Amino acid sequence: MTQIIDGKQVAAEVKRDVGERVQRLRGQGVVPGLTLVLVGDDAASASYVRSKRKLAMDLGLHAVIRELPADVEESELLQIIGQLNEDDSVDAILVQLPLPPHLNAERVLEAIAPEKDVDGLHPINLGLTSRGAPSVWPCTAAGIARLLDFTGVPIAGQTAVVVGRSRLVGWPTAQWLLSRGATVVQCHRQTVNLPTYTRQADVLVVAAGVPHLIGKEHVKPGATVIDVGMNRVDGRLIGDVDFAHVAPLVSAITPVPGGVGPMTVAMLVANAVSLCEQRRGMRGDVDE
């Protein structure tokens, strides 16, 4: 029978662990600090940032949203990030993407101190990710790792195929799989004859942002499938995998919604606590 991987259940386990770690830190007089920088008034971004702050606060962190107008000058934004870098009460910084088009996202992300980079997107942290040893893994990739660990599926010696190569999801997920001993194939929009590759996968991670890109003709029977896609079609949220037709063929699969989605915010808060522990020399484990 196919295992439906319950992201809400795994996220709840992550939250329990984070709450316990925060209480230990508080017992030593340390309150982890997370600052979320929100530029502009995009409703979806604002809602997402508020959900991140609420979870962080619920788990005992001190979390602040720094709201800036959409027309903020890049120099002012960089100055604010510099101040947060110097603020010892701030352990973790996140700049919500996307930014308004007049702002250079690369320069903004590079301005965040690597030791406070909760998304793991600073070039130094991306370099460490390529070695399989970052301070923190990017949040969605970290969530995927937790889900795979939860299934108990073997990684070492298996063939893993990742569809998508974004630095937020596809690329770091491929690096994590490599660090665990998988043979990894990475596909993308230029890949010709996609099923040739995906049918080899013992572990298939799909993060392409294309509704129902993966059908039953793309999967190896008995594979484990992680669907990262979140596409709104006709008012419904659907994944990159045609769940109804693929699920009966595989050993385990994440649903959309309720699979990877709940993990991302949970891992953000876990990353913030890890950065606090590392900065203060208290533990410094990398969540994965």
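Using N, Cα and C of the backbone, Cβ positions are placed for all residues, glycine too.
Automatic, uncurated: that is what TrEMBL annotation is.
Noted in TrEMBL for the protein shown:
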type    : residues               : note
DOMAIN  : 5-119                  : domain 'Tetrahydrofolate dehydrogenase/cyclohydrolase catalytic'
DOMAIN  : 138-278                : domain 'Tetrahydrofolate dehydrogenase/cyclohydrolase NAD(P)-binding'
BINDING : Gly164, Arg165, Ser166 : NADP(+) binding site
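Secondary structure at Gly164 (NADP(+) binding site), taken from DSSP and collapsed to helix, strand or coil, is coil.
According to DSSP, the domain 'Tetrahydrofolate dehydrogenase/cyclohydrolase catalytic' (5-119) comprises 60 helix, 19 strand, 36 coil. Within 8 Å of the centroid of the Cβ atoms of Gly164, Arg165, Ser166, where the record puts NADP(+), the same chain has further Cβ atoms from Val162, Val163, Arg167, Leu168, Val169, Gly170, Trp171, Gln186, His188, Ala207, Ala208. Other Cβ atoms within 10 Å of the Cβ of Arg165 (NADP(+) binding site) number 18 in total over all chains.
Taking a C-beta cut-off of under 8 angstroms and a sequence separation of 6 or more, Gly164 (NADP(+) binding site) has the following same-chain neighbours: Gly170, Cys187, His188, Val205, Val206, Ala207, Ala208, Gly209, Val228.
Predicted-model confidence for the domain 'Tetrahydrofolate dehydrogenase/cyclohydrolase NAD(P)-binding' (138-278) is 97, expressed as mean pLDDT.
With a 10 A radius on its CB, Ser166 (NADP(+) binding site) counts 17 other CB atoms from all the protein chains.
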